[in-house]
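Here's a structure for you.
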């Protein structure tokens, strides 16, 4: 297997290429698979990402740092990075796994990426693994807001309204559709002060509330700046110095 192209995409060349080959080997292919490397890489990845976040975001507290890290190392995030690296083209899978589309499966790709991190750690140590992780994650971190990453729509809406001293939204289930085993919920979300009223649907009440909250947040973020602008204009109008009316008698005396 020629892995030169992958090493070029990684920006790292292995002194022991067999480690990279093992990192790309699924247990369905052979006994020399990547699960132990995956275990090792998971720990290295968590440590390196924590170190990176600690250095980059000095104002985030422990809870926010943990939330951001959890979202950066979860399966979906690893899967997207694996796709960017085109790991599907280099995976070693057993015939059955290959036929069932295992090379596209998020869990297999995410595990392979963690195994690669573990392989780099064994090949050259923690600093080399950390450098690889920074290379992969810095472009992602430059495009996300760490204050909101991983927060659901209901939380974001609540925090936004609280930040502007606006009463919290109200959620009401207004309808359910379908059979008991496949119901669809319809939820209304209102923000009375802003006259926002939107509707969301989902397979559960929670999912419908989240869908409605996302729509409400979009509306609220459009309306609040307008509200603040009007409020400032009104305050400016009230405090603007009014001309003092002249006393006619005083004017006559001055003319004398």
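Including glycine, each Cβ sits where the backbone N, Cα and C put it.
From Swiss-Prot, for reference:
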{"type": "ACT_SITE", "residues": "42", "note": "active site"}
{"type": "ACT_SITE", "residues": "114", "note": "active site"}
{"type": "BINDING", "residues": "38, 111, 114", "note": "Mg(2+) binding site"}
{"type": "DOMAIN", "residues": "3-125", "note": "domain 'RNase III'"}
{"type": "DOMAIN", "residues": "152-222", "note": "domain 'DRBM'"}
{"type": "REGION", "residues": "230-256", "note": "region 'Disordered'"}
By DSSP assignment, list the helix, strand and coil residue numbers for the domain 'RNase III' (3-125), in that order.
88 helix, 2 strand, 33 coil
Is it possible to get the count of other C-beta atoms within 10 angstroms of the C-beta of residue 42 (active site)?
18
Return the average pLDDT for the domain 'RNase III' (3-125) as a whole number.
93
So for residue 114 (active site), how many other CB atoms are inside 10 Å of its CB?
26
Got a sec? Which of these binding-site residues, 38, 111, has the most Cβ atoms within 10 Å?
111
Would you mind splitting the domain 'DRBM' (152-222) into helix, strand and coil residue counts from DSSP?
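Secondary-structure breakdown of the domain 'DRBM' (152-222): 35 helix, 23 strand, 13 coil.
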For the recorded Mg(2+) site formed by 38, 111, 114, which further same-chain residues have Cβ atoms within 8 Å of the site's Cβ center?
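Neighbours within 8 Å of the Cβ centroid, excluding 38, 111, 114: 34, 35, 37, 39, 41, 42, 110, 112, 113, 115, 118.
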If you measure residue 111 (Mg(2+) binding site) to residue 42 (active site) at Cα, how many Å is it?
9
